[in-house]
């Protein structure tokens, strides 16, 4: 399940200040705190989500990483390669016990965040991106040696690992003499300082499929950092972030929008034109339509990136109160309002009548 954007979780814009973040987190925590919602698993999950979002965005360094790389910045192996590889750790300890060879290493995975408009996410798009990465040093051809000469480590005999006997257990660990490289470099390369890799930028063309949503990731195999000593490079993970749209809100493969109509249109009925992502469509509003009524346009949502089925567009009617009335319009409305006097009001406005009856009943009980 894709993680929600941290800014959306807290309900703040990407330009939010520290104070804005703190206030948003307090609101969220008060709303979803387990003590206020005992036994509510959904509230508990929402509380944890808010806490996780605030912990990242309230930390300047973490926020900068998140703004650049998205959720991938905090997942194992993505965005720098400083986290230890658990496969290597367990391979070092248990490799000889179970007879397994040292696991093949590779370069670190890299995370990159790409922002899309809703239209781009729905239709798919190809983007050129430039990413910082580590590539093989061309000066020493990745050897790390200025003169190209390297010596086989005498401690591990080139394997990069040493065998340690502890009681009945035979363990394998990274060679402390060569740091696991298996070689000793006496004359380090002046360009890469013996690392065999240098920092660089590379430009890639990324095809983003139609239907992607916030948090979706695209994996580009072998486009991550170059591994040390010629081992294969890692992968590049491109995480999608979709900008808010002025008209549509997305919910999975469905889209939602509000359609404002005049009082006369809602009362008498009308045909209203609405925007969709592929043009315009018409909604036939029946007479006496109330504000909040939903109309569904089948197949006018988003084509799923996974199942290739299409979602729907839900249009919510909002009856708009007229403003900036002329004297004539005001007079006509006053005359119209007078027609609701007496018992006719209950017939024409049943919800208002029911509400007033409820208020009267409440006060009668309070005063009795």
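Heads up, the Cβ atoms here are built off N, Cα and C, so glycines get one too.
The domain 'J' annotation in Swiss-Prot covers 5-70, and the record cites sequence analysis as its basis. Per Swiss-Prot, the feature zinc finger maps to 124-201; the stated evidence is sequence analysis. Here Swiss-Prot flags 137-144, 153-160, 175-182, 189-196 as repeat 'CXXCXGXG motif'. Annotation comment: Swiss-Prot describes 137, 140, 189, 192 as Zn(2+) 1 binding site, evidence class sequence analysis. Annotation comment: Swiss-Prot describes 153, 156, 175, 178 as Zn(2+) 2 binding site.
Here the features listed in Swiss-Prot are placed on the structure.
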residue : record                : DSSP class
137     : Zn(2+) 1 binding site : coil
153     : Zn(2+) 2 binding site : coil
175     : Zn(2+) 2 binding site : coil
189     : Zn(2+) 1 binding site : coil
Cα-Cα distance linking residue 153 (Zn(2+) 2 binding site) and residue 192 (Zn(2+) 1 binding site), given in Å to the nearest integer: 20
Those residues of the chain, 6+ apart, with a Cβ under 8 Å from that of residue 156 (Zn(2+) 2 binding site): 162, 175, 177, 178, 182
Candidate ranges 153-160, 175-182, 189-196 - greatest C-beta contact count to the repeat 'CXXCXGXG motif' (137-144) (under 8 angstroms): 189-196
All-chain count of other Cβ atoms within 10 Å of residue 175 (Zn(2+) 2 binding site): 19
137, 140, 189, 192 excluded, remaining Cβ within 8 Å of their centroid (Zn(2+) 1): 138, 139, 141, 142, 143, 144, 145, 146, 188, 190, 191, 193, 194, 195, 196, 197, 198
C-alpha spacing of residue 153 (Zn(2+) 2 binding site) relative to residue 137 (Zn(2+) 1 binding site), in angstrom: 22
Other parts of the chain folded back onto the repeat 'CXXCXGXG motif' (189-196), taken as Cβ under 8 Å at six or more residues beyond its ends: 136-137, 139-140, 142-146, 228-230
Spatial neighbours of the repeat 'CXXCXGXG motif' (153-160) far in sequence, C-beta under 8 Å, 6+ residues away: 102, 174-178, 180-184
Residue 140 (Zn(2+) 1 binding site) and residue 153 (Zn(2+) 2 binding site), distance between Cα atoms, whole Å: 19
C-beta crowding around residue 189 (Zn(2+) 1 binding site), within 10 angstroms: 22
